[in-house]
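**Q** Sharing a structure with you now.
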Amino acid sequence: MSKTLKKKKHWLSKVQECGLSGVGGDPCSLLEIRGGAEHGEFPYLGRQREDVASFIVGKVPSQGDVLLEVNGTPVSGLTHRDTLAVIRHFREPIRLKTVKPGKVINKDLRHYLSLQFQKGSIDHKLQQVIRDNLYLRTIPCTTRSPRDGEVPGVDYNFISVEQFKALEDSGVLLESGTYDGNFYGTPKPPAEPNPFQADPVDQVLFDGEFDTETQRKRTTSVSKMQRTDSSLPEEEDEEEREAVNGSSGSTDHRDRQEPSEWGKTVPSYNQTNSSMDFRNYLTRDENLEPLPKNWEMAYTEAGMIYFIDHNTKTTTWLDPRLCKKAKAPEDCEDGELPYGWEKIEDPQYGTYYVDHINQKTQFDNPVLEAKRKKQLNPAPSEGTVHQEPENSQFTRDPSQLKGALLHTSLKKSAMGFGFTIIGGDRPDEFLQVKNVLKDGPAAQDGKIAPGDVIVDINGTCVLGHTHAEVVQMFQLIPINQYVNMTLCRGYPLPEDSDDPVADIVNTVPPIINGQMLTQGDINMGSQELKSGVIDLDQRGKPGLMVVNGRLNGPSLDIQDQRTSMASSGNSLPELVTIPLLKGPKGFGFAIADSPMGQKVKMILDSQWCPGLQKGDVIKEICHQNVQNLTHIQVVEVLKQFPVGAEVPLLILRGGPPSPSKVTKVKSDKQELMGSIEAIAPGEPLPQPLPFPPNLARSCSPKLDPSEVYKKSKNIFEDKPPNTKDLDVFLRKQESGFGFRVLGGDGPDQAIYIGAIIPLGAAEKDGRLRAADELICIDGVPVKGKSHKQVLDLMTNAARNGHVLLTVRRQIYYTDKQQEEEELQHTPPAHNGSPRLNRIEVSAIPKLPAEAYDVILQRKDNEGFGFVILTSKNKPPPGVIPHKIGRVIEGSPADRCRKLKVGDRISAVNGQSIVELSHDNIVQLIKDAGNTVTLTVIAEEEHRGPPSGSNSARQSPAPQHRPMGQTQPTYGTLDRYSWSDHKADCGPALPAGSWQALSVGCYPVELERGPRGFGFSLRGGKEYNMGLFILRLAEDGPAIKDGRIHVGDQIVEINNEPTQGITHTRAIELIQAGGSKVLLLLRPGTGLIPDYSLAPSSLCSYVKPDQQ
C-alpha cells in the first residue's frame, strides 16, 4: 500500500502564542526556563506548575517547547541569565511565542546554526538574530591576521589554526567553518557575564535606539562561511507527528484546517465596543511583513491589541503594516470601513464615523459617500478632452508600473535632497516629485524630473505609503549621508499640483511657527488667527478650537476648506522658515524697503540662501521680530552673525489675502444662517460633531483612570490654576537636545527651560518653549533638585539618546475669555462618549494672547528707556503682574516701536518673571548688559480674567512721577495697587556697584589642566560687548565639565563682575586664580555677537604661560 504524499510544513506553522498574566510574582516560578546559549541550546520550557493553565490566556505550551520570543523580543541566542532578565523586564501580561521541537529547529543551537538557508528567508533572519544576541556576550574567533582598524578582543579573537582545532574538538564552538581560506567560529558565551561588561538587556529590547558603536557588528565572514554539516532536513508532516499525552491526531487535523493559528491574536476578545472593522486585524497573514523598525505589538489588560511606536513614544490601534494593503473607500464592500475608520454609536448624537488618520469626524458613512461621489462623477468617456491616461492607474506592485525605471543616489545637504514631493493623501495615490530645487543635490545629480513616481527608498518599496511616512524616511537620513532611490518616469502630475495647498510640500517641510508642515496642511500665519477666522488644528487644518482643553465651535469639513483655500489663487500668503548659512560674503541676497517691511530684492548667491525667493518679506531673523526695524537696522542684525552661522529666517511669501477669500466664522447668527445654503429656512442648525479622536476619543489605548490618577497625584496635586502640563519627547541629536536649563540655585527655586537652540532638537520638535517650568525628566520629578542634579538627569537621558520631559506652561487670559468658557462648560464624558453642550459659532473666543520677543540694545551712556510697574498685591491667577508704566522718548525702548504703556512683560532673556519680585526683575535687567530680550504680551490682548467691572477701561494709565518723588500707589489700575520703579532708564551702573546675578546663571569651577582651562574668550569693554565663551578646547577641563557651552556669557570671574571690564582684565582675573577659576555663566543661544572685528583680536586661549 503506497503512502499518500503529504505536504511538508515549515516549522513556522507550528508556532503558537500565549499570554501569561495574574502571576503576581516571578513569571519563571510558573514556567521553568531551561537551556541557554552557554549550553549550546535554545531557551526552552521545563517543568510547569500544576495550576499553570489558570494563568495562561490561549493554548498552554508543552514542556520542551522552544522559546522564541518574549513580548516580541527574540531570545534565541541569549544565555539563560539574560533570557530570565528579559522576561522579568516586562510587566504582565507577558506574551510567549513558542514552537514544538522538530527536525529543523529544536533545543540544539549548534545544529540550527550549521544549516544553510536562502538569504532573506525566515530561517536566515533568525540565524542573524541568534548571532546578534550571541555577540552581546561572546567574541567570534578567526585564524586570519587582523586587518586595518580591527581590534583584537573586540572585533575578533585572532588565534592560530592549532588553537582553533583545539576549540573545535573540545565542543566550545557553536558554529565553525571556512571563508576565503580562513577558519571562523563562534564560541559559547560564558554563563555569567564579565563584571565590566555592559548589561545587554536594553540592547536586546530596543536595539535601534542604541549607538551602533555599542552594538557588535555582524560578521559577514561568519554568515557566509562554508559549514561541514549544512544539509537541510525535511520537516515532518502534520499527520506523522506523534501524539502527546495520549491525545489523538484529531487535534492536529483541526490545526491543519485553520491556517496560521499561531498568528491569530490571543486572546480573541472584541477589540472595542464600537464597530471598528477589525476583521483584517484578527488574522495575521503569513505574507505580512514584520513590524516597522522600533514598533511593537502589545495587549491591553482587556486583551485588546495595540501598537507601540518607540520612535515617537506613541501608541495606536492601527496596524502600520495594513496601511499598505488599504483599499480606497469606494472599493470597500458593504459593511466594511476603510483603513483607519471607526464607527461610533452614540446615544445622543447617533451614528458617526471617526477618521483616525486625518483626525476628523463625520455623520456620513465614508464608503457610501465615496461610492455616491463616484456615481455622480463617472469616469470620463473616450471623447472627453481630459481623458485619464491609461498609465495613471495606481499600483503597489513595482512590476506593474507603466514607464521607465531609473535609479539615483543623492547626498543629503543641510537643505535636504533638493526636491519637493506631492501626493500620498490616500492609500491609492502615488508620491511624485513636484519640483526640483535649483542648485540642490537633485538638480546637481540631473536624473530626477517633476512627475517622477517614487518607488523605492533605500530598498523599501514606498508605493502606497502616506506622505508623512515618506517624509519621515527622508528626515531620518543624516546630513551628508546618501539615499538610494528608484523612480518611475511616465506618470503626469495630478491636475491640482498647482494648488497652493499642495505646493507647500517639501522633502524637508517648511517650518511654520516651529511646526513642520506636511502634505495637505493649510499655511496661515498668526495674523489670520484673530477673532472671526477659522481656527486651525495642530496640523494646520480647520477644525475644532481648543482653549484651555475645552472644545468650542463646530468641526468644518476639511475637503471644503481645502477647496476654498485653493480658490484664492497664488496670492495666498504663507509663512515659511528658511535656514540660511552665512558665507564669506554674506547671506547671498539683497533687501529693500517695502510697505510690509524689508523684502528680498534679489538673490546674489543662492547656495547660502536656498529656498529664498525674490519678493519674500522678512518677518523674523533668528526668532527676532524685525518687521518694524528700518533697513539699516535689519542690515546690522544680519551683519552680527559670524561666517558659518546657521540662521533661521521667517519670511512671508505671497500677497495679503483678500477678506473675501478667507472663510470667516460669522459672529452674527443671521449672517451664519444665510451663509449655509444646505440648511433650509426654519430648519435647526445641526449639533456640532463630537470630539475628534485627538481630543475625546483617543486613537491610542487609554490607561485605567485610577492608574493615571495614582501616577499623577503626587506630582500634580498642587498644580497651580491657569497652567497646562504637557509631555515632550525629544531624540538627542549630535548637538544635544537643543535647549538650556535655568534655575535650581536654591531648594525653593523652580527649574525652567532657558534658551531654545536654533535648529536643535527642541526647536525642530516645536513644542518646548522658553520659560516653561520643568516638572519631570523621564518620570523623575525635579522639584527641589539642584541645578547640577537636573543636569545629571539630562546627562543620563543623553546616554539613552532620548528624553521625556514634563513641563508646565502658564496660560494667560484674553479679553472675556473666562466668561465665555464658563458659559460653554462641557460636562465630563460618560461611558467613553463625549458630551457637548449646544453652542453657537459666535461664542468662539479668541486664541490665547500671543507673546512676542522684543530685543533692546543700548549704548554705554544710556539705559533701555522703560519703566516697569509691579503689582503690590498678589493678582488673580492668570494675570501677569508686571507691565510697562512708561517709555522714555528717544530711548532704545522708544526707537524699537514695539513697546507701549500697558504692555505686560512675562519673561526677561527667556527667564519667566511672573513669580519674581520687582527687585529681582530690575537686577535681572541690569545684569543683561547692553542687550535684553523681553517677552511681551500687548496691552490690548491681555486684560486678565474679567471680574465685575474692569476699571482699566475707564481710568487713564497712570503717569510716571519724576525721580526723587514719593512712589505713588495706583488703586485704579486693573483694581490692583501698583508700585512704579525705574528700570535702567539712566546710564549703566559702574562696575563696582553692579551686583551678581542670582537668577538664571550658574557657577562653574574649573581646575587648570596641562594646557590651561580649555576655553577661549571673546569680547570686553574695548570691543563694546560683554565677555563670551568663544571656543572649547578638545579634551580640556571646560569641555569635560559639560556645563560650559560656546556662546555662554561670563557674568563673574572669581567673584568679580565682568560688567565693563576689558578683555585684558578678564585674562588677569583668570590668572589671579592660580590653578582654579570660578566662573558665573549665563546660558547663551550658541551664537556669539560679532562686531566685524578680527577673531584673532577678540579671543585668546588661557594657556599655562599666561597664568
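Every residue, even glycine, has its Cβ placed from backbone N, Cα and C.
Features from Swiss-Prot:
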- 17-102: domain 'PDZ 1' (DOMAIN)
- 110-284: domain 'Guanylate kinase-like' (DOMAIN)
- Phe117, Gln118, Lys119, Gly120, Ser121, Ile122, Asp123, His124: ATP binding site (BINDING)
- 210-277: region 'Disordered' (REGION)
- 220-231: compositional bias 'Polar residues' (COMPBIAS)
- 232-241: compositional bias 'Acidic residues' (COMPBIAS)
- 251-261: compositional bias 'Basic and acidic residues' (COMPBIAS)
- 267-277: compositional bias 'Polar residues' (COMPBIAS)
- 289-322: domain 'WW 1' (DOMAIN)
- 374-398: region 'Disordered' (REGION)
- 577-653: domain 'PDZ 3' (DOMAIN)
- 727-809: domain 'PDZ 4' (DOMAIN)
- 853-940: domain 'PDZ 5' (DOMAIN)
- 941-975: region 'Disordered' (REGION)
- 947-957: compositional bias 'Polar residues' (COMPBIAS)
**Q** Would you mind checking how many other C-beta atoms are within 10 angstroms of the C-beta on Ser121 (ATP binding site)?
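**A** There are 11 such Cβ atoms around Ser121 (ATP binding site).
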**Q** How about the domain 'PDZ 3' (577-653) and the domain 'PDZ 4' (727-809): do they have 3 or more C-beta pairs under 8 A, pairs 6 or more apart in sequence?
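**A** As far as Cβ distances go (cut-off 8 Å, pairs 6 or more apart), the domain 'PDZ 3' (577-653) and the domain 'PDZ 4' (727-809) touch.
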**Q** Could you find out if DSSP has Ser121 (ATP binding site) as helix, strand or coil?
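**A** Coil, per DSSP.
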**Q** Within the chain of Ile122 (ATP binding site), which residues six or more apart in sequence place their C-beta under 8 angstroms from its C-beta?
**A** His10, Leu12
**Q** Including all protein chains displayed, how many Cβ atoms other than that of Phe117 (ATP binding site) lie within 10 Å of its Cβ?
**A** 16
**Q** Looking at Cβ-Cβ distances, which residues of the chain lie under 8 angstroms from Asp123 (ATP binding site) while being 6 or more apart from it?
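**A** In sequence order, Val104, Leu115, Phe117 meet the Cβ cut-off.
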**Q** Taking helix as H, G and I and strand as E and B in DSSP, count the residues of the domain 'PDZ 1' (17-102) in helix, strand and coil.
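**A** Across the domain 'PDZ 1' (17-102), DSSP assigns the residues as follows: 20 helix, 30 strand, 36 coil.
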